[in-house]
Every structure is written in structure tokens, then in C-alpha cells.
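As recorded in TrEMBL:
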type     : residues : note
ACT_SITE : Glu120   : active site, nucleophile
ACT_SITE : Glu124   : active site, proton donor
COMPBIAS : 327-341  : compositional bias 'Basic residues'
COMPBIAS : 343-353  : compositional bias 'Polar residues'
DOMAIN   : 33-235   : domain 'GH16'
REGION   : 320-353  : region 'Disordered'
Amino acid sequence: MDDLLRCCYGFGSGASKTFALFSIFLLISIANAAFSNLTTIPFNQGYSPLFGDGNLVRSPDGKGVRLLLDRFTGSGFISSNLYKHGFFSANIKLPSDYTAGICVAFYTSNGDVFEKSHDELDFEFLGNLEGKPWRFQTNLYGNGSTNRGREERYRLWFDPSKEFHRYSILWTANKTVFYIDEVPIREVVKNDAMGGDYPSKPMSLYTTIWDASNWATSGGRYKVNYKYAPFVAEFKDLVLEGCPTDPIEQVSAAADVCAEKDAYLDSQDYAIMTRKRRQAMRWFRQRFMYYSYCYDTLRYPVPPPECVISRDEKQRFKDTGRLKFGGSHHKQSRQSKRRSRVPISSSASNSNM
């Protein structure tokens, strides 16, 4: 709520600021009951370190973790199981001050199992110059369709480095929904024309912090400056709700269990897109989304089949098809795990941009 009262993060002053404050309060109040009874689990019960040696620090109560990026390495963790659909959620606080070139990612993937046909769902938080706001993007890949990125980029109505905020991904057989603080910000509904582009195979939950100097801030213009290291991202109140599944040996008994879990996920309050939640999502997207692949005619002269084209949005985004993207996390996670404790680069560490 403190960030809500300091809503100058991206807004002007006077009447426009008052309207923004009122609108954001309504946006948050519409949907927050859906997340009031989430079941959280301790870190050791559902996750394991992925890479980063000592740069992963567990909280004293075992319910959270800090991920650090320094000149030697980033860090990350992974869920102990793969899940056939699920609800994945965490309260996250991002690094502060100068964060250009940094990417903090909260995502699902099965790239370690299906290297050439992996699926992926992404939250990617993109650092910035000191005093400039964090931005973030969501993305979706299915069956190795990394040449058909489905990125959307957004601003936030708060400073994500000041307090914890909840970020969530709901993935079912029929739709995927991304949430921030109980507000749905993006919904992808599966249709037949998508074919294998909709994620369908069991995935793990990953969380990482890493050096994305080549693309994360202003298309790579501003690099990570290790004078400000270590960069710290914090995670707590972790939620893993899904059907643990062997990605290779999916026997019929397991399929029956997952059918029950699928039905459970579909019945949860957060999975029901009410009229008020659609209003909240529409309000967010009108004011905070600044790029959508659906309107990027340079990449897609014909919009992908799941896109629902709005005439007003098409006009608003007609000149936005010139952004630089980082691609799939599958490649990045493999590089990160292979990286030794050797300084990442002298040019990046000495950058003062």
C-alpha cells in the first residue's frame, strides 16, 4: 500500500495522479480475494539450487531465499519436480538502484528434458539505470517454437524494489494466465490453430538472476555495472500447486491423478475470469503494456492465431516493432550452469553507463 500511495512511479501529478491512485486501488481490490488462501511451502520441500554456489542464500526460517548476482556468477533454483499444468507463485522483491543489464526470471520450462522441443512460460524482469523504473515482459513457447516468440512488455504501477509483490502463473490445458498482485495481466487461450505452440509437456519452475547485458536494457546499450554488486533478488511465500509428473513415463494411473488435479486447478477462484477481473486486466493493459507481439508487423505480418486484434490497440502499437529480445531461457540456463567462478567480463564490470 505504501507503493500505491507513492504512485508517482510512472504517473504525473495533480488530477492525473489522483485518478491513477483511485484506479489502481480499484484494480487491486477487484481480485485480491482469490489469493488470500494460498498454500505456501518451505524452500527445501519443493526446490533445489540450480547454479550459483554461495550466491543462493536461504532465509533463517527456511521459507524464502535470496539470489545474488556478482562479477563471478548469477544464481538460481529449480522445483524438485516437473508438473503437468499448475499454479506457480512467489512474493518477489527486485534489486534496487542501478540495475541495468540484469534479468530476474520466474518461469517454467522443460528444456533440460526436451532440448529440441521444449515448452516455456516466462516472467522476465528487466533492470534499468538508477532512477529509471524496472520493466518486465511475459512470454510463451511451445514445442521448441523459439523462433516464434510471444513477448509482451509492460511497466509497473509500483517500485518492485521497495516491497514484496506477488507474481503468479496459472497454466492449464486450456489457458495460461499471468498475474501481478492478484491482477490478471495476460491471458493466452489455447486454440486448435496454435498446434504445438501451446505448452503441453510437464515443466519445472525456475527462478534465476543473471547478466543479460546484451539485450535487457535499451536493447543492450546499458550493461551491468559490477561496481554496484552484489545485486540481490528476494523470494518468499512460494507456491507450487500442480500434478508432479515423470515427463517420459506418463502411465495411465498418473494421467488419472493429473486429470483430478487439472479439474482442481480449473475450479479455483483465481482460475475464473470474472467480468470484474477482465475489466482489471483491460485497465492494466491499456495503461501499462507498451509492446505486444500481436501488433508487431515487422515480426508477424500475419498475427499468430491466438491474437485477438483490437483496432484501438493496433493503432497504439503500430510503431513498436523494434525491440530486442533475449530468447529462450533454455540456452541461458545451460550457459549459467557451465559458467565457472571467473569474472564475467572486464568491460561489463568497468562500465559506468
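Placement of Cβ uses the backbone N, Cα and C atoms for every residue, glycine included.
Using a 10 Å Cβ-Cβ cutoff, the residue listed as 'active site, nucleophile' registers 22 neighbours. All protein chains considered, the CB of Glu124 (active site, proton donor) has 22 other CB atoms within 10 Å.
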